[in-house]
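Before any comments, here is the structure.
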Amino acid sequence: MLESLTLQPIALVNGTVNLPGSKSVSNRALLLAALAEGTTQLNNVLDSDDIRHMLNALQALGVNFRLSADRTCCEVDGLGGKLVAEQPLSLFLGNAGTAMRPLAAVLCLGNSDIVLTGEPRMKERPIGHLVDALRQGGAQIDYLEQENYPPLRLRGGFRGGELTVDGRVSSQFLTALLMTAPLAEQDTTIRIMGDLVSKPYIDITLHLMKAFGIDVGHENYQIFHIKGGQTYRSPGTYLVEGDASSASYFLAAAAIKGGTVRVTGIGKKSVQGDTKFADVLEKMGAKVTWGDDYIECSRGELQGIDMDMNHIPDAAMTIATTALFATGPTTIRNIYNWRVKETDRLTAMATELRKVGAEVEEGEDYIRVVPPVQLTAADIGTYDDHRMAMCFSLVALSDTPVTILDPKCTAKTFPDYFEQFARLSQLA
């Protein structure tokens, strides 16, 4: 029997949340620190399953690091070049896309023999476009089970050169190539085919590479030029900003049942595109205030919206449950890549929204939500997807309780989410 957590109806949310570190930034920073020359102190690192998978992999590859007791500060001794394994090695990466994709690329630089594998869901998450691009650059990669999916066997050989990669499935493929290319022997030119999804995540990658001493030129995110034979250099210390996707639940809760909630660790200067989530809440009618290192949200009369949310794919999920509290329908468009995340999020979201009484239209790349007059108490399936669990906690901001099945799945990015949510909540 799955564990479950029942949230009783909440009358008001109010308070401040210091956000855990960003998953996207933490795993990129850990990998660059490992590749860099010098020692890097990373502060406000996220402590979650996805990060532990990256740390375990780096340790197996001979990287020395020291973690503080609460695992949020990590001092990494960089190797000043590529990661190599002296003997054949198998690395288990759970369901961490932010570890699997970049490591698949970076580990093609040497001539090590390395297998990358993970949980059953990881074996359903496509990686073929990345493998194709790496092979264009000379990498030797074999699929061990299903063509185009992990597990992979890597045997090095990547030298750079002219690469093309499909931009339509995941921006992590491009992120992986960008982080790898400076260490290749040759200069690299990467051409993007199709529209690049989740562009703001590429900005995170470019920002981090710059922090570690490497500039990348690009032509309108369609062609990227990277010089080969470079070395990443430690910035000394690097502060990981708060996780903007994680902020979305607290900001949405305030929009629905504030009070006022302030999230700290992100703000005007944030490198994460998911901070744009606050603009969507504002469009719906919430009151939003921005500081340099905080965003604050207060309740407003929420109206449904119809919007392309390709630029905030993770935080957009939170809009789907916020829509339950708006007047009129909400349509979230251009989110095909929800289908290749931790689960097929479009189908999962449609299924669970219907359980609480919403009328839902699920398209190939959009979802339309018509809120019910009265929400229905339901047991919410979470599909081993941290964001499903967190999104549906918002249902309790009504006069109806909600039961979340397998609440511990939030450990992927936010182990103490439900404690933080409860801390802000005053029960009806």
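In case you wondered, yes, glycine gets a Cβ from its N, Cα and C as well.
When secondary structure is read from DSSP and collapsed to three states, Gln172 (phosphoenolpyruvate binding site) falls in the helix class. A C-beta separation below 8 Å, combined with a sequence spacing of at least six in one chain, links Gln172 (phosphoenolpyruvate binding site) to Gly97, Thr98, Arg101, Pro102, Leu130, Tyr201. Under the heading phosphoenolpyruvate binding site, Swiss-Prot lists Lys23, Gly97, Arg125, Gln172, Arg345, Arg387, Lys412.
Less than 8 angstroms from the CB of Ser171 (3-phosphoshikimate binding site) sit Leu196, Val197, Ser198, Lys199, Tyr201, Ile202, each of them six or more residues away in the same chain. Swiss-Prot lists Lys23, Ser24, Arg28, Ser170, Ser171, Gln172, Ser198, Asp314, Asn337, Lys341 with the feature 3-phosphoshikimate binding site, giving sequence analysis as the kind of evidence.
What Swiss-Prot lists as active site, proton acceptor is Asp314. Secondary structure from DSSP puts Asp314 (active site, proton acceptor) in a helix. Counting Cβ atoms from all protein chains shown, Asp314 (active site, proton acceptor) has 27 others lying within 10 Å of its own Cβ.
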Tertiary neighbours of Arg28 (3-phosphoshikimate binding site) (same chain, Cβ under 8 Å, six or more apart):
Thr98, Pro102, Thr175, Met179, Ile204, Thr205, Leu208
Measuring Cα to Cα, how many angstrom lie between Arg345 (phosphoenolpyruvate binding site) and Asn337 (3-phosphoshikimate binding site)?
9
Which binding-site residues sit within 10 Å of Asp314 (active site, proton acceptor) - Cα, from Lys23, Arg125, Arg387, Lys412:
Arg387
Using other CB atoms within 10 angstroms as the count, which residue among the binding-site residues Arg125, Arg345, Arg387 scores least?
Arg125
Identify, among the binding-site residues Lys23, Lys412, the residue whose Cβ has the fewest other Cβ atoms within 10 Å in this structure.
Lys412
DSSP-derived class (H/G/I helix, E/B strand, else coil) of Lys412 (phosphoenolpyruvate binding site):
helix
